[in-house]
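Asker: Below you will find the structure I want to go over with you.
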């Protein structure tokens, strides 16, 4: 139908982005949708009106001129001479393109993305849709599976917090047993106690920590609605603080594992005593509390904070940069460095490792500690990379209602694996000597507390009991003295001087 020379350009621009080159200087990139102007639409419809009425053609709703912006309202394709190239007609800078969403782009987001998931942050994507975030309620699993995930993770987090706190308490009860090179395991336990408690706070919290609560306007309908999508970025303080704490402690735990390897190597290779290694403790602390601060600051600078709909918490966003730079490289670097140091220590002790020697016991504990720590962490990294490769497909499946989802087992493992290293410090703490020391300390505390029960209000009963006990002891002592005097023979008078 050749009723207007501008018909082809109008249809092309209405159904796809403007067909221009990729130079951002004075023109638009191909991927930025540029709608036709209302003036262009009205010119085409007026030219084609006779032909449309003659053949009784129904004008598509997608081509309605009322939905298009005027040239004075937004960037659009105006009517122009077809002999002139389009870029010369569309002259604006790349900065204006980045700062201003076109009417057509926002309308397209409103059509594809559920209203409550629309966000004002154009850098956020969900299912490949810019300006769209994930749902606040998980849709990859059923409600029953979601509750089961939260229940299992909550139980493991509580058990991990108890295990870590038990290890810390054992250290304070018997500090002499936990000196260098074993002492870094105590700080490791402190880090994972905090991580488990943070996860528990998110699960039991009645507030939606991971969700946004902004009021936005639907561009397509004009309806004002409340955003209920997941947080992406650092706009919500509570979410940001939780992410900072959790990510920082996880990085610090990784550093303390490396310090455990280094301090053991100093003792095994260079024969340093605990006192000598303790002199380097300030440098250990400086490294272990500074390095994770750098990683956390980098994540915040790039706004790599994402809400977790399952645990009502905030974690590191699953992007190529975050997975490689902030997770994979530090973990692999520390693992191979620590393993090389450990192997060097084993080589130095190759002649001293008898089955019942103290060195062999420490080696076995370090190996078990590393397995409990690195095995779950390595599995978690593999899941993160697998998720990054399939994330867009899974999100599109959620919007389309198809069955291409990660599944219950995948989600459960992804949430559980980061918590399992909390049980690693039990390699040192969970033994007979610790339990005996714990029991003796508890008994001593009970006896100490009972000696002060009589002080203060309500102590009359205890005071009477003590007085009664004292009188009984005194009476028995008097009887014993009388019995003893009765057994002493009487001295004759003629022997007395």
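Any Cβ shown, glycine's included, is placed from N, Cα and C.
Under the heading domain 'FZ', TrEMBL lists 1-79. The feature disulfide bond is assigned by TrEMBL to 41-65. Annotated transmembrane segment per TrEMBL: 148-173, 185-207, 247-270, 282-304, 324-349, 361-386, 406-428, in sequence order. The domain 'G-protein coupled receptors family 2 profile 2' annotation in TrEMBL covers 149-412.
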Asker: So, does the transmembrane segment (148-173) come close enough to the transmembrane segment (324-349) to give 3+ Cβ pairs below 8 Å, pairs being at least 6 apart in sequence?
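Answerer: Contact absent: fewer than 3 Cβ pairs fall under 8 Å.
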Asker: Fewest other Cβ atoms within 10 Å: which of the disulfide-bonded residues 41, 65 wins that one? Let me know.
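Answerer: So among 41, 65, the disulfide-bonded residues given, the one with the fewest Cβ atoms within 10 Å is 65.
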Asker: Could you pull the average pLDDT for the domain 'G-protein coupled receptors family 2 profile 2' (149-412)?
Answerer: 90
Asker: So are the transmembrane segment (148-173) and the transmembrane segment (361-386) touching or not, going by 3+ C-beta pairs under 8 A with a sequence gap of 6 or more?
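Answerer: No, the stretches stay apart by this measure.
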Asker: Using a Cβ cut-off of under 8 Å, list the residues of the same chain at least 6 residues beyond the transmembrane segment (247-270) that approach it.
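Answerer: Sequence-distant neighbours of the transmembrane segment (247-270): 180-185, 187-188, 191-192, 194-195, 198, 276-277, 280, 284, 287-289, 291-293, 295-296, 299, 315-316, 330-331, 334, 337-339, 341-342, 344-346, 348-349, 359, 362, 366, 369-370, 373-374, 377, 418, 421.
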Asker: If we skip the immediate neighbours and take only residues 6+ beyond the ends of the transmembrane segment (361-386), which ones have a Cβ under 8 Å from one of its Cβ atoms?
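Answerer: Contacts with the transmembrane segment (361-386): 181-182, 185, 188, 253-254, 257, 260-261, 264, 318, 323, 327-328, 331, 335, 338, 342, 346, 349, 353, 410, 413-414, 417-418, 420-421, 423-425, 427-428.
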Asker: Could you tell me what the rest of the chain brings near the transmembrane segment (282-304), counting residues at least six beyond its ends with Cβ under 8 Å?
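Answerer: Hits for the transmembrane segment (282-304): 123, 184, 187, 232-234, 240, 243-244, 247-252, 254-256, 259, 262-263, 316-317, 319, 321-322, 325-326, 330.
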